[in-house]
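The S-adenosyl-L-methionine binding site annotation in Swiss-Prot covers T176, G201, G206, I219, S220, N221, Y222, P223, L224. The annotation phosphoserine is assigned in Swiss-Prot to S5, S16. Per Swiss-Prot, the feature region 'Disordered' maps to 1-33. Sequence annotations record features per position, and here Swiss-Prot assigns site 'Interaction with substrate rRNA' to R84, R125, R128, R132. Residues or ranges marked as site 'Stabilizes Arg-84' by Swiss-Prot: D86.
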Amino acid sequence: MSAASGGFQPRERRFSVQEQDWETTPPKKLRLGAGSKCGGRRLIVVLEGASLETVKVGKTYELLNCDRHKSMLLKNGRDPGEVRPDITHQSLLMLMDSPLNRAGLLQVYIHTQKNVLIEVNPQTRIPRTFDRFCGLMVQLLHKLSVRAADGPQKLLKVIKNPVSDHFPVGCMKIGTSFSVEDISDIRELVPSSDPVVFVVGAFAHGKVSVEYTEKMVSISNYPLSAALTCAKVTTAFEEVWGVI
C-alpha cells in the first residue's frame, strides 16, 4: 500500500543493542492511557503487516531493510521490495505528529509480519531520521520496551497478541483497501462519541487481511501510501471532532 520512497539513501550505520532513553511529547490535555479499554471517542489505528525485524551483521544487530541488506535478502530468497521498515516510520510520523494525537484522541498499535504486537504510547516522539528510528526499533525488539528519558514510563512496548484483546468492547473495526469498489467518505464513518478502529497496511504490496475487521473501505480513487492513508484518516476525524 506504499509507494517506493525516493531521494538519497541513508548512510551506512550499525547499531548495537544498547538501551537508550527517548523523548516524550507532553500533551496539552489529560489523555486516556495507552491501551485503555474504556469508552469515549477515540481513534485506534493498527499498522498491520509492518516489516520490523532485526538481523545480525558482524557483532551488532541492525533493522533489516531493502537498501542496506539487499544482497543478504536475495541470498535467502526474499524479495527486497517487501522489507520496508521505512513505511512504518513514515506512518508513525504522520500519526504521532497529528493534532488528533496531541489532543489525546489517538491510540496506535503495530502488528509486524513476524507476529510481534507493539503498543505505542501517545506521548512518544518518533525520531525524525530513519537511522535513529532503526536504532529505536532494534532496542525495542531486543529489550521488549523503550522507556522515557525523564522517568520510568514506557513509550513503546511489546504486548501480548491478539491486538483485538486491547480494543474497547463493542467498537467498530474498519479495514482499508484500495481493492474495495465503492469509495467511502471517511467523515461519514466517524462516530460522534464512540471509539473506532482503523486498520492500515504497513507494507509495500498487497491488502489488509485480518479476521477481526467488520468492514473494508476504500478512501480514494487512487492507491495511497500507508502514511498518506494515516494522514487522511486522522484529518477526517479532526474535522468531525473539531480538533484544530
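Indices start at 1 and increase along the chain as displayed.
Cβ from N, Cα, C; glycine included.
Annotated features taken from Swiss-Prot, shown on the structure.
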residue : record                                 : Cβ contacts under 8 Å, 6 or more apart
R128    : site 'Interaction with substrate rRNA' : L93
R132    : site 'Interaction with substrate rRNA' : none
S220    : S-adenosyl-L-methionine binding site   : F178, I183, K232
Y222    : S-adenosyl-L-methionine binding site   : F178
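Taking Cα separation as the measure, R84 (site 'Interaction with substrate rRNA') is nearest to G206 of the recorded positions R125, T176, G206, L224. In terms of local Cβ density within 10 Å, R84 ranks first among the recorded sites R84, R125. D86 (site 'Stabilizes Arg-84') sits 17 Å from G206 (S-adenosyl-L-methionine binding site), counting Cα to Cα. In the three-state DSSP assignment, the secondary structure recorded for R128 (site 'Interaction with substrate rRNA') is coil. In this entry, T176, G201, G206, I219, S220, N221, Y222, P223, L224 make up the residues listed for S-adenosyl-L-methionine, with the farthest two CA atoms of the set 17 Å from each other. A separation of roughly 29 Å, to the nearest angstrom, links the Cα atoms of G206 (S-adenosyl-L-methionine binding site) and R125 (site 'Interaction with substrate rRNA').
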